[in-house]
There are 6 protein chains.
Amino acid sequence: MDDQLSHVRADGSAHMVDVTEKATTSRTSRAQAVVVTRSEVIEMIMAGGLPKGDALPVARVAGIMAAKKTWETIPLCHPIPLGKITVDFKSDTGAGTVRVEALVKTTGVTGVEMEALSAASTAALTLYDMIKAVDPRAAITDIKVLEKTGGKSGDWSLEDPGAQS
Amino acid sequence: MDDQLSHVRADGSAHMVDVTEKATTSRTSRAQAVVVTRSEVIEMIMAGGLPKGDALPVARVAGIMAAKKTWETIPLCHPIPLGKITVDFKSDTGAGTVRVEALVKTTGVTGVEMEALSAASTAALTLYDMIKAVDPRAAITDIKVLEKTGGKSGDWSLEDPGAQS
Amino acid sequence: MDDQLSHVRADGSAHMVDVTEKATTSRTSRAQAVVVTRSEVIEMIMAGGLPKGDALPVARVAGIMAAKKTWETIPLCHPIPLGKITVDFKSDTGAGTVRVEALVKTTGVTGVEMEALSAASTAALTLYDMIKAVDPRAAITDIKVLEKTGGKSGDWSLEDPGAQS
Amino acid sequence: MDDQLSHVRADGSAHMVDVTEKATTSRTSRAQAVVVTRSEVIEMIMAGGLPKGDALPVARVAGIMAAKKTWETIPLCHPIPLGKITVDFKSDTGAGTVRVEALVKTTGVTGVEMEALSAASTAALTLYDMIKAVDPRAAITDIKVLEKTGGKSGDWSLEDPGAQS
Amino acid sequence: MDDQLSHVRADGSAHMVDVTEKATTSRTSRAQAVVVTRSEVIEMIMAGGLPKGDALPVARVAGIMAAKKTWETIPLCHPIPLGKITVDFKSDTGAGTVRVEALVKTTGVTGVEMEALSAASTAALTLYDMIKAVDPRAAITDIKVLEKTGGKSGDWSLEDPGAQS
Amino acid sequence: MDDQLSHVRADGSAHMVDVTEKATTSRTSRAQAVVVTRSEVIEMIMAGGLPKGDALPVARVAGIMAAKKTWETIPLCHPIPLGKITVDFKSDTGAGTVRVEALVKTTGVTGVEMEALSAASTAALTLYDMIKAVDPRAAITDIKVLEKTGGKSGDWSLEDPGAQS
């Protein structure tokens, strides 16, 4: 952490940190977001019966495209090449939830946590957009990074509490 | 709700629904997102001591800019003029949280829930980007619309459970 | 036509023409693009068996999003509000073709031909992207406006050769 | 082809395929699009006498800029560095056509067919935008890749039917 | 001025100010930017003899496109419809300068000064990009609004020092 | 210079030049822009008392984001990875000026002068946007590259007149 904090500028001003000396390595990140709605709305999503149409394919494309635009949306993120992006959905009708999971892979100089988070959260927002006519009180929760591999800080996963952060 | 569901197409395919017949009225939406981290990280945010610099002004700008690009990020949203956007932060050092609240106002033909949600969630993601060097396990929760005024479906707020949805 | 040509500047330089005096009216445009490939590729599209996944929903979303960005892609197009966008596909396995048809509707000061053409051509390019691993020699043809309503120049359709152009 | 099809996911869902293991090599692609209008319109294009101004330089810039944004427009395209982009026009007054040819070159991990096609088709759409006041029934045809070099699938050109596809 | 300052928030935080109550009126703005280089570079610009090609048409298109993206580039600008954009150049070979003048017109709720300034400065930056191989020490000066019409603050022009500001 | 001019095409048409053969090296560029206003406006900037809020953090973020979008704004610029971006301000209350200085660093095949210039000029335009309610006649001057390192043309700085250009 000491090393990372060396990026702080004397006046505390925001800046895009220097990554030109970092190693180009294979890196992945998995992140999630959870849409919380009602059981019957999950059924409408699965049946393709929503006002704006079949929701999951639209949310998937939105998530993939958002991952690629992360450097444009998050002010201090670096533009990096992205080698693989997947966005998957797991619905639980009883609980009234859809869990979005995004996986991003790169060969680059920075991690891809922000890209995975952007993909998951944008896919979830897109689902909200498509269900809000039937459930405007739906919410999105538990947006977080699940796992990270590659890079100097080492691999870790939320499921493995002993790993280094 | 019946009327809204009339947008469903015979084949269930996704589309941007027709809003050309909707009335141009004054509309507002308030939405939130909550960043959950540790107490000492909140202190670093408040002291401007994070590796990438002073976090709140960057997150505020990111949120405002994201609201304006909602139609570009969320596939089936309509481009509409936006008349006012604010993004505010309320931190709770003891709880280790920062609540982001976004307010968007328009004179237009659609509501601005998605714009307010985009502002709040992007500001929260930007905060995560700036604290992830010190807390990669931070999460974002409780993204939801708090209140909506204007439009045919009537005013409502989450705090007022009796209101129409 | 004389009136329209009054936009020409003395030095012939390109410019975005003045539309501030034009009437805000309801306008629609329908346009198409045709992807020409092989019969077995059409079967793969229909079966969702392509390397990059289920093609039609991705192409539909790409077309809708492209329509909204027309003013950004085509240098002299005006940004206008769009009220409805649909993108549909009609495949002919025997002929080895997929016809993309886009419909765009606005209440605005300019026609939406370019938006409909952008939607149709981008959806077709997206289909090519998804089939090029199995047919790199596929082509896109017959991109054209099929019908236009609203605006000073009057309604016309390609199918009705007697209409005013 | 077998190898390429290994990208298909079990559920057929769309995704951005993994290119992190692919070799970084020099790659080029040439593509075309043909605008079909009337002889006198070609003369107006050549004389710089169109309502919106001198058309070819505008279309050329639009094509070059579109090539750079291909990863943003086509959902499953990878962002890659582009090293050279040219857009050229060959008009045939008698036939009433303008053929647009785009050449894109990269040192990267994927081919640049989509970038060349985006450049050619966007330049053609821009020409349509500039002539539609005088010929709204103009069309765009024969959008296709003419030649590709570099990459695992080998070099090929449409003019050389014996080449591998 | 008092009235305008009423936008200041208690905590001084940045925000996009409320324009929903402002009148929709016809507004124009003219702005300029001046590129300062050497006489022989001006001659190369005029002769179309620069390494990257004919510079003025490219700079014109860049300026027009930048005006349309002002709301995206300048964080607190409002997205508004633009009705007319022109970008013109006046070169002075002896002085080694090119003056860029941009005119933007709208029927909207805010002025278009930022749009005119974005057009002029981006066109000037594009010229620099095209001449930097032959004059890396060229500069851009005197970027300013020349004239404004429409809106509550009244018409004014830099050339008319008696006008209200 | 001779070598650079070899990029000129026979017909003088604009194009994005080939950089695929150029060496990937560490490169930096520093550029500036100067906002010229009145002393009391400088005091308002420093006190955070402007109508739209605290100006410098917003201008800093705008500059950093603009640097990353240079390839999108300047038609013939190449998209390249950026490794570090800083934007700093030096105000002179007596002179009524704010000097913006941007530094950009990359490991890439082209220089980053345009990125540094875009950052500095966009930050300056953003300042103008935030002060124009109190000084619409403010101007931006002296936009120029201050220093460049890396690349075939060698290092140089404006302060060192003996250096190679």
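Cβ atoms here come from the backbone N, Cα and C positions, even for glycine.
The compositional bias 'Basic and acidic residues' annotation in TrEMBL covers E:1-12.
The feature region 'Disordered' is assigned by TrEMBL to E:1-23.
According to TrEMBL, the domain 'Molybdopterin cofactor biosynthesis C (MoaC)' annotation covers E:16-151. Here the domain 'Molybdopterin cofactor biosynthesis C (MoaC)' (E:16-151) has a mean pLDDT of 96 out of 100.
Annotated substrate binding site per TrEMBL: E:Leu76, E:Cys77, E:His78, E:Met114, E:Glu115, in sequence order. Annotation for E:Cys77 (substrate binding site): spatial neighbours E:Met16, E:Thr70, E:Trp71, E:Thr110, E:Met114, criterion Cβ-Cβ under 8 Å with sequence separation of six or more.
What TrEMBL lists as active site is E:Asp129. The secondary structure of E:Asp129 (active site), as reduced to three states from DSSP, is helical.
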Assigned element (helix, strand, coil) containing E:His78 (substrate binding site), judged by DSSP:
coil
In whole Å, how far does the CA atom of E:Asp129 (active site) lie from that of E:His78 (substrate binding site)?
28
Using DSSP, break the domain 'Molybdopterin cofactor biosynthesis C (MoaC)' (E:16-151) down into helix, strand and coil residues and give each count.
46 helix, 45 strand, 45 coil
Find the longest CA to CA distance in the recorded substrate-binding set E:Leu76, E:Cys77, E:His78, E:Met114, E:Glu115; express it in Å as a whole number.
13
For a quick check of packing: other C-beta atoms within 10 Å of the C-beta of E:Met114 (substrate binding site), how many?
26
For each of the recorded positions (E:Glu115, E:Asp129), count the other CB atoms lying within 10 A of its CB, then report the residue with the highest count.
E:Glu115
Cβ within less than 8 Å of a chain B Cβ is the test here; which of the recorded positions E:His78, E:Met114, E:Glu115, E:Asp129 meet it?
E:His78
